[in-house]
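**Q** Have a look at this one before I ask anything.
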Amino acid sequence: MISSPIQDSITKCYHCGEACIDNTICFDEKKFCCQGCKLVYEVLSENDLCSYYQLESFPGESQKAKKSRSNRFDFLDDQDVQNQLLDFNSADESHVTFLIPMIHCASCIWLLENLVQINSGIISSRVDFLKKKVQVKFDSNKISLKELVTLLSTIGYEPKINLADQGRNSKNTLDKKLITQLAVAGFCFGNMMLFSLPEYFSEAQLLGKGFKGLFNYLNVILALPVVFYAAGSYYSSAWNSLKQRRINMDVPIVLGIIALFFYSLWEIFINQNAGFMDSLGGLIFFLLLGKVYQQKTFSTLEFERDYKSYFPIAVTKLVQDQEKVVPISKLEIGDLILIRNEELIPADSILLSPRANIDYSFVTGEEVPVSKSKGETIYAGGRQLGDPILLSVQKMPSQGYLTDLWNNDAFDKEKSGNLEPLANKISGVFTWAVLSIAFSAFIYWSLQDFSLAVKAFSSVLIVACPCALAMSTPFTLGNTLRIFGKGKLYLKNASVIEKMAQVDTLVFDKTGTLTSPANAKIEFIGEPLTQETKRILKAMVSKSTHPLSNRINHWLGGIESISIEDFKEIKGFGIKGIYQGEQIRLGSSEFTGFPYQVELIDGNLVFLTIGEIPVGYFHIQSGLRPCAPSIMQQLEGDYNLHLLSGDQNHEQISLREKLGEKVEFNFDQSPNDKLAYLSKLKNQGYHTLMVGDGLNDAGALQASEVGIAVTEEVSHFSPASDAILDASVLEKIPDFLAFAKANRTIIKMSFLLSFAYNVVGVGLAVQGLLSPIICAVLMPLSSISVVVFTTVTTNLVALKKGLIKLKQD
Amino acid sequence: MEVIFLLIGVSLLLAGGFLFLFFKAMKGGQFDDDYTPSVRILFDSQKNKVKKDQPTKPKSYE
């Protein structure tokens, strides 16, 4: 808790830099806040790795909350698990890549790359800082995978081990192919320009006839890799779209490429003239450039996660009273499992222990734990807080109440919205227009001069090739993607922007999305609290990490605490302490011994007793984010608004008051209901955008045309979605939507611009006047001016909407 | 002027060589991580890390 500015007089832990509050541990003339931090230092100093502390001050992370159970990595001895985790395995060398979220500074890189000094079984290790990954090569005869992970977690770098995230690097190889194509196109284009230059200025004549021929043939040779390799993706895309009887942007492009290539061949070999090979190279090079620009990816974010990447990969199973750690995939119905503090429940189970205290925050977005008693069903996805509990598995991990969502069809297929990119709509019309102009010109000229007719026909196809048209979309979208990224809305890919511009229905999840624990509404009911009681409470709640304690702490504000004795926190029940001989208890009604029942309508109750006297209780409701009403107000004019909530409907009246009349409320929605609701809207012909946060919204996010996951911390877990939004900029949703719409206008305007070029070009072409030099000038000029236009206008609009600021960075 | 034939050949070979080197570098993963090496280069190597009182502190990396 950092409530006041830290003064220099406060002792800071040498390892993590946190203020040492309770008991400072001195070791080696250094001060540590806890045993964990000291332990890390000990390991590092023994191995002569203290440079760690000199590269950055306080590089470590507090080790206070560290779990110390020794057998928690036992599942790593399982051969199946090892096979899935290891990148490479041979008799004396194994490679493994870990994701370590803790990596944050230069010291981290240094330490992790010097692991070899701690254990000689490690051959080498290499950090990828931006991806927060470390690749370790080790000798499995000297150090096992389990020992390696244990070692990492001892020095404070516990890897996040996740089977679902393994082997997901196929995305990058696709990118590489595009880059290779671009490099080939660039190389050939550059050289072709050089060889074509003499032709433009009639210098070739001076060099003699031999050179002219040579330059042309060299151009043909250089054009071959461009046409047959670099442009490859356009052919397949155009072919696929034709097979579906549709015309996408790539069809006219391919038409242009074919016309350029074969007409140039004809010119060079039959007529001994210069062809348009340089223009062809330039066309493909610029097109690929646009494609690369559009592919901005946020490599640290993961948009495809399902529940498997959230669930643990192993669980402690009880077999004849013996604890055994097994991978989740080997769990069977009827198994007894032991879930310890902070561990996740992997399958729907029945509680066998008397009490459990389950935190469902990742599932519902509500962070206050729910109390469960013996015999109740506990759904997968919850996290136990407090003492270990015993459960009997009722359903396979993949068949649970929550995980069943992923068996829905919506997850099987790629998202198929009925929203078509603007460029595809236009290209159909465009292609037919170009073809008809070309044929008219052909027929007109063929009456007089057949060779001129062929020239006019191919010239039209060449010049009307929608280079500028095809580039305006990727550059506008690519730029918008970057602007959104700066505004903390991270999109999966550029096509999401076009979909965002076309949605007409917005669906919001309530808990965790529109409401936030930070805006909790707290009421104390009972005898008014005296100043002294408040100070006692402050002392108690500031020592507890329970979310309700945090909220009460927040509510109490800057009241100075008073010292109390014998403070204890009993997980799942409450906290207690002694002040002036009297026991103060704060927590559940049975814990505090509150004599009478209070009917809970909504939210949570926290009872307070001093001695044996019941003083009263706190009624805590999670409140709406302050920006929620204004978001609704800004959006209600243009969109249909819906609100889905897993809660009961007793808040409806107050919500309606705040959010306005136009929002359609739906309460009591299970994860599957939410999915069905979105599918229903879609079937009714609405274009939907869903804003949600927890795993319970995963189905709805998938079923919507655009799914936006809201998260407090973007690098943390978020369900599969099209976009991830930082919760702090939720109020900007209307701006983001408006900007996506403005984008569409910008694309349309740049289409007009490139049409203007086409009119000039086609005008020349139908008269049979097009020469290689005109083509070589007109083509890059139109492309570049379109790129400049879209870049400048998107930035201007973003600036006007306040999505970017001048002088950033 | 016949030297131009030779020059063209040389220039194409040279440029092709660069293209080849670029592919090799890309395949070798040199462009995968464009941040960490900039930090790594600033670390003192193990040999001259014989305990100094004031180890050279790298400048900020941000």
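From the backbone N, Cα and C atoms, a Cβ is placed for every residue, glycine too.
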**Q** Between A:272-289, A:596-613, I'd like to know which one TrEMBL lists as transmembrane segment.
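**A** My reading of TrEMBL: the transmembrane segment range is A:272-289.
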**Q** Give residue numbers and ranges for long-range contacts of the transmembrane segment (A:751-770): same chain, 6 or more residues beyond its ends, CB-CB under 8 A.
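**A** Sequence-distant neighbours of the transmembrane segment (A:751-770): 426, 434, 437, 440-441, 444-445, 452, 455-456, 459-460, 462-464, 466-469, 472, 778, 781-782, 785-786, 789.
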**Q** Is it the case that the transmembrane segment (A:429-447) and the transmembrane segment (A:217-235) have 3 or more CB pairs under 8 Å, with pairs at least 6 apart in sequence?
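**A** Not in contact, no.
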**Q** Within this structure, do the transmembrane segment (A:272-289) and the transmembrane segment (A:217-235) have 3 or more Cβ pairs under 8 angstroms, counting pairs 6 or more apart in sequence?
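**A** Yes, since the transmembrane segment (A:217-235) and the transmembrane segment (A:272-289) share at least 3 Cβ pairs closer than 8 Å, they count as touching.
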**Q** What else in the chain is close to the transmembrane segment (A:776-799), if you only count residues 6 or more beyond its ends and a Cβ gap under 8 Å?
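**A** Same-chain contacts beyond the ends: 196, 200, 276, 278-279, 282-283, 286, 290, 463, 467-468, 471-472, 475-476, 479-480, 483, 739, 742-743, 746-747, 749-750, 753-754, 757, 760-761, 805-806.
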